[in-house]
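Sharing a structure with you now.
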């Protein structure tokens, strides 16, 4: 029986750069290796229990065989346990190997849930408070007093650096109360001053660090996200930083992810966030990588009678030039040098006004013309 691979995503994000790149790479590899391939939208699937047995319908047609591996790309800020996660759990119970698994995605869709999972494992994290009720933000102002000021305030379901505030003092925090959405809880987090406006994005695939990027704010704001106008540059990471990112990925059970590390004065790191549906346009550009292809190779390695994912992706991760580069430490001096490089042309930006153009340019370079993207999703 022919092995099958699916790429499963939301129709609304199908034309985003990561989905296009993974689609291209999976289709190519499945064609070359005589493996069945489908690109599937979540809204095409119906899950069934008939006669006490699990079943699956695709576009209203019952399936008699199921995919061996499913690469999942869902918009984590909007993921709901009674909709998207229900479908993912069903596929997993049918014996499909999901990349990432539903529990791993759940571990990351709420920022406080991530910290709950990491707690007790010796992972360095900023002290963090949160609450249960959606209307309890104002009640937490006094509770969060031990964190000191300024204090970081984040939506537990925020993404791309949105819904993040830095409250200068208690009065400022009270003012923020009138600005926040009250449909999700917020968290209050100790401010890491030395990492203001900068962090390290580390991408992990199959339990291995494939690259790291220094992200820097260009307007003085605390968030360094490229989506908000920050810029990124390839940045070597210490062994301690790599092991921390891998540890976080393993604890959360993720096959591929982005780990954001804050930089301490002594060169050590503390974990800021983990992303199960990591974007990688700016990362590909800064690090000269094709993360979509690496994810596809890892997914193919999980098919029956294949090598383990770890063995399969080791040989091609670094180019000869990258292999000869020193594995330098991200220190205060290293950060300063990287920022200087950023401001002198070695930049990658994912700010909103340029995102569409950057995405289209990159997709053309990688071999998937944007005009044909929608049609590509219809070719099963």
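Just so you know, glycine gets a Cβ as well, placed from its N, Cα and C.
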From 168, 215, grab the residue that Swiss-Prot records in the same ATP site as 154, 189, 190, 191, 192, 193, 194, 195, 196, 197, 198, 199.
215
Which range is it, out of 319-344, 345-370, that shows up in Swiss-Prot as region 'Disordered'?
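Here Swiss-Prot associates region 'Disordered' with the stretch 345-370.
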Summarise the model confidence on the domain 'ATP-grasp' (115-300) as a single mean pLDDT, whole number.
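Mean pLDDT for the domain 'ATP-grasp' (115-300): 87.
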If you measure residue 275 (Mg(2+) 2 binding site) to residue 154 (ATP binding site) at Cα, how many Å is it?
15
Around residue 275 (Mg(2+) 2 binding site), how many other C-beta atoms are within 10 angstroms of its C-beta?
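So the Cβ neighbour count for residue 275 (Mg(2+) 2 binding site) comes to 20.
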What residue among the binding-site residues 154, 190, 196, 198, 215 has the most other CB atoms lying within 10 A of its CB?
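Max Cβ neighbours within 10 Å, all protein chains included: 215.
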Compute the C-alpha separation of residue 154 (ATP binding site) from residue 260 (Mn(2+) 1 binding site), stating it in Å without decimals.
15
